[in-house]
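Q: Got a structure for you, questions after.
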């Protein structure tokens, strides 16, 4: 196997016993942007195979993990096999919150992504669709002041995506972790300081 940029993270994940190299993307987001604090309640969307989940557990977080694909059990983690594009996705998650005595999540994280086609415009559009579904769930499950993080293939709809959802939050950042493939348009959009659904949607001049 070649020793290119991607393989460095592959072998690091093996050494550190992470289920995927994506764990280092989340570690970067935590260290650089402070997106979670130890012990917080976190909704993780797109969790399988569990690399991010392992990092969250290492930080003592209470995790509800969601994915359309199955995921091997991680002690202390609640897993829901669920398609977030379903109309009742938010309701299913709220039901689990009630069972788990979680009133609201401190953080909503998403590493969810559709299978890529290799057609940049199509992959971008699919990532925006998933991102919108994630943010709709965040509107119903995130506490005021909370943080939402969404993965997206950056493209011509990214600006509108940030504009549409950004007015529910105090601030945002866009970043590409070092563990992301250099040739990929993958970015993570971080929204800070959720103000709640009932907010002033007027355009500020």
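Heads up, the Cβ atoms here are built off N, Cα and C, so glycines get one too.
These came from Swiss-Prot, pasted as-is:
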ACT_SITE  151  active site, proton acceptor
BINDING   50, 52, 67, 83, 111  S-adenosyl-L-methionine binding site
Q: Please state whether DSSP places residue 52 (S-adenosyl-L-methionine binding site) in a helix, a strand or coil.
A: helix
Q: Any idea what the Cα distance is from residue 52 (S-adenosyl-L-methionine binding site) over to residue 151 (active site, proton acceptor), rounded to a whole Å?
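A: If we compare the Cα positions of residue 52 (S-adenosyl-L-methionine binding site) and residue 151 (active site, proton acceptor), the gap is 13 Å.
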Q: Are there any residues in the same chain, six or more apart in sequence, whose C-beta is under 8 angstroms from the C-beta of residue 83 (S-adenosyl-L-methionine binding site), and if so which?
A: 68, 89
Q: Just give me the nearest neighbour of residue 151 (active site, proton acceptor) among the binding-site residues 50, 67, 111, Cα to Cα.
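A: Result: the closest of the binding-site residues to residue 151 (active site, proton acceptor) is 111.
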Q: Mind checking which of 52, 151 has the fewest other CB atoms within 10 A of its CB? They're the recorded positions.
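A: So among 52, 151, the recorded positions given, the one with the fewest Cβ atoms within 10 Å is 151.
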Q: Let me check the 10 A CB neighbour count of residue 50 (S-adenosyl-L-methionine binding site). How many other CB atoms are there?
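A: The answer is 24.
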